[in-house]
């Protein structure tokens, strides 16, 4: 280990939850030395070697956790669908809403009509509550443009969010999200556009960190998704997949075949799906917000993920249709109460395993030497409180790349 004699800042006075190995890995009364945006030393304050710090920050108790990571969102979109929420509760079916121009197509229409500036302002409004909860990294998907111009517009807005706010933004091209209205009855023709036009151009402009698709009866077949994944491979982009949310199509197995970094939703994943994911190193991203809003009854196979040691990540799935959720903390509680995950598993789901689901585990997700100095200081005494409390208990401070975030 390289000896550290100087650092830019030294932080101590709180217990540190490092989340190394997916466990709390508590350091009582810990200390963190930071140079630039990296952690250069971490451990018990009593074992701190002689280090000259240009600045010292003393916490008065509390807990430090890694910065939270929301690894699956659809934050950039136009319009509002709260009226549909009310309609459904008044007995109008989803099919009736869609037949009258509602549903995802209404979001596509509004997104296409909105300017980049309008989309940016709306997304900023949605992102700020997540920042307030201690989110330091977020993934944002396209998927409401469904043509080259609008998909690129969405991804540009997502990239811009990361430039305007102190947060790391990872972008995902989800052009294969739904069938646009101009291609009704022609899904293979639309997949041609996705593979031959949208993905290559997104790659050329460096607007996406990954490619995603929705494998479901109401979206795209495994064969169509495979074409999307082949196009992503050709463009040099890793893949992810919305899989097994509403039915068992073996999408998770297809994702594993392409060594997807994650397969998401997974309520209907089978044991063979889980085995394939385990062998491929594919992370299971669980989305309790959508499960809750859709009043689903089949939970993801949590025990199988445990048995086969598939990492379980959690995310808000923030979107206008099935998960209008702007709280990652709420997802911790829902994962525990609805999916019977433990508070430790849930916290791993929004830190180390979420980092793995985005392919950034080498730099984020745990607190250890060499990783980014992203953490949250909480006025709490036990990490289980993060999943226990509903509302309140916001962070005392958030540190992003070595600096206190305003």
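Each residue, glycine too, has its Cβ placed from N, Cα and C.
Long-range Cβ neighbours of residue 242 (Fe(3+) binding site) (same chain, at least 6 residues apart, Cβ-Cβ under 8 Å): 212, 213, 214, 215, 216, 219, 251, 264, 265. Per Swiss-Prot, Fe(3+) binding site is recorded for 72, 74, 242, 317.
Positions annotated as Zn(2+) binding site by Swiss-Prot, on the basis of sequence analysis: 72, 74, 242, 317. DSSP classifies residue 72 (Fe(3+) binding site) as coil under the three-state reduction.
Positions annotated as 4-imidazolone-5-propanoate binding site by Swiss-Prot, on the basis of sequence analysis: 81, 144, 177, 245, 322. Within the same chain, residues at least 6 positions away in sequence whose Cβ sits under 8 Å from that of residue 144 (4-imidazolone-5-propanoate binding site) are 74, 76, 77, 78, 104, 107, 108, 111, 150, 154, 177. DSSP gives residue 144 (4-imidazolone-5-propanoate binding site) a coil state; it is part of no helix or strand.
A sphere of 10 angstroms centred on the C-beta of residue 321 (N-formimidoyl-L-glutamate binding site) encloses 20 other C-beta atoms. When secondary structure is read from DSSP and collapsed to three states, residue 321 (N-formimidoyl-L-glutamate binding site) falls in the coil class. The annotation N-formimidoyl-L-glutamate binding site is assigned in Swiss-Prot to 144, 319, 321.
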With Cβ-Cβ distance below 8 Å and at least 6 positions apart along the chain, what are the contacts of residue 81 (4-imidazolone-5-propanoate binding site)? List them in sequence order.
102, 106, 107, 320, 321, 324
From the Cα of residue 72 (Fe(3+) binding site) across to the Cα of residue 322 (4-imidazolone-5-propanoate binding site), what is the distance in angstrom?
13
For the 4-imidazolone-5-propanoate binding site, please report the maximum Cα-Cα distance among 81, 144, 177, 245, 322 in Å.
21
Whole-number Å distance between the CA of residue 317 (Fe(3+) binding site) and the CA of residue 245 (4-imidazolone-5-propanoate binding site)?
13
Using Cα coordinates, what distance in whole Å links residue 72 (Fe(3+) binding site) and residue 245 (4-imidazolone-5-propanoate binding site)?
14
Can you tell which of 72, 177 has the least company, meaning the fewest other C-beta atoms within 10 angstroms of its C-beta, among these binding-site residues?
177
Tell me the coarse DSSP state (helix, strand, coil) of residue 242 (Fe(3+) binding site).
strand
